[in-house]
Amino acid sequence: MEPGPTAAQRRCSLPPWLPLGLLLWSGLALGALPFGSSPHRVFHDLLSEQQLLEVEDLSLSLLQGGGLGPLSLPPDLPDLDPECRELLLDFANSSAELTGCLVRSARPVRLCQTCYPLFQQVVSKMDNISRAAGNTSESQSCARSLLMADRMQIVVILSEFFNTTWQEANCANCLTNNSEELSNSTVYFLNLFNHTLTCFEHNLQGNAHSLLQTKNYSEVCKNCREAYKTLSSLYSEMQKMNELENKAEPGTHLCIDVEDAMNITRKLWSRTFNCSVPCSDTVPVIAVSVFILFLPVVFYLSSFLHSEQKKRKLILPKRLKSSTSFANIQENSN
């Protein structure tokens, strides 16, 4: 119910003695002033009867949860101008929408493909606040009031949180250069991913409604093998392209949407369906391994067979020759 004009006029024109009356009345209520026969006696020398009644009514309204409203604030308290407050509300609404989108797209991860328009909107609102000059002096401009006026800096914290989340998700890898739409490679990968999941669902045996309820997945492994191999090959190509484009930044990833989609597919294929894709390079790898293993044996065997076998010749020592010749001389002399 809206207050009448008389009450509104009385609130807008509060007498100057009212703060003093409230202070004394609160002191009496808290026991700071001595009690007499009645509270009127305490204020008899300070306030008239009518003024005292007004103080009592106002004190009761404050104790019951009422307040003085904006009139209780100092008249020189700085406040935002309408244009700056509108910028703050725009940023608040955009932040709320982006936060809801991020939470709803957490599992399965769809952050980049679902929330990129809202992220661009938040970035735009933050740029508007940073560039706002306000209608007052430079020291109290809109940007300074919203971004640097207090220790918490809530607007700055929210903006940094959104930017950090976007960078860690590497959503720029899923978008075009101007970040206005999904890239062609991302759209193609997501289409193959949806096609592979559709193949899984159509080839499940039985009437189960969930991927995790059936036990026989032979039809899934047989009929969806090509779809899975195509998706896996495309993912490997995207990884190689990303590594070539980011040579100066090792450890970069694809966007979180693509990585999570591939992880889901591999988990279903390997763990849930227990399928396996035979490697076409198995035979050449085994042949090369066996050849390298027996190469030393072949080398030493061929060396032994083709080397010249020389007979051993006994060579007598020189001392033995001299002693033999000396013995012959003695025999001849005798």
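Positions of Cβ are set from backbone N, Cα and C atoms, glycine also.
Listed in Swiss-Prot for this protein:
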SIGNAL    1-31  signal peptide
TOPO_DOM  32-284  topological domain 'Lumenal'
CARBOHYD  Asn93  N-linked glycosylation site
CARBOHYD  Asn128  N-linked glycosylation site
CARBOHYD  Asn135  N-linked glycosylation site
CARBOHYD  Asn163  N-linked glycosylation site
CARBOHYD  Asn177  N-linked glycosylation site
CARBOHYD  Asn184  N-linked glycosylation site
CARBOHYD  Asn194  N-linked glycosylation site
CARBOHYD  Asn216  N-linked glycosylation site
CARBOHYD  Asn263  N-linked glycosylation site
CARBOHYD  Asn274  N-linked glycosylation site
TRANSMEM  285-305  transmembrane segment
TOPO_DOM  306-334  topological domain 'Cytoplasmic'
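For Asn128 (N-linked glycosylation site), the nearest of the glycosylation sites by C-alpha distance turns out to be Asn163; the candidates were Asn163, Asn177, Asn184, Asn263, Asn274.
Reported as a whole number, the C-alpha separation between Asn274 (N-linked glycosylation site) and Asn216 (N-linked glycosylation site) equals 10 Å. Asn163 (N-linked glycosylation site) counts 14 other C-beta atoms within 10 Å of its own C-beta, drawing on all protein chains shown. Around Asn177 (N-linked glycosylation site), no same-chain residue at least 6 positions away in sequence has a Cβ under 8 Å from its Cβ. Between the alpha carbons (Cα) of Asn194 (N-linked glycosylation site) and Asn263 (N-linked glycosylation site) lies a span of roughly 14 Å. Note on proximity: among Asn93, Asn163, Asn184, Asn263, the glycosylation sites of the record, the Cα nearest Asn216 (N-linked glycosylation site) is that of Asn263.
Counted within 10 Å of its Cβ, the other Cβ atoms near Asn263 (N-linked glycosylation site) come to 12, all protein chains included. Mean model confidence for the topological domain 'Lumenal' (32-284) is a pLDDT of 80.
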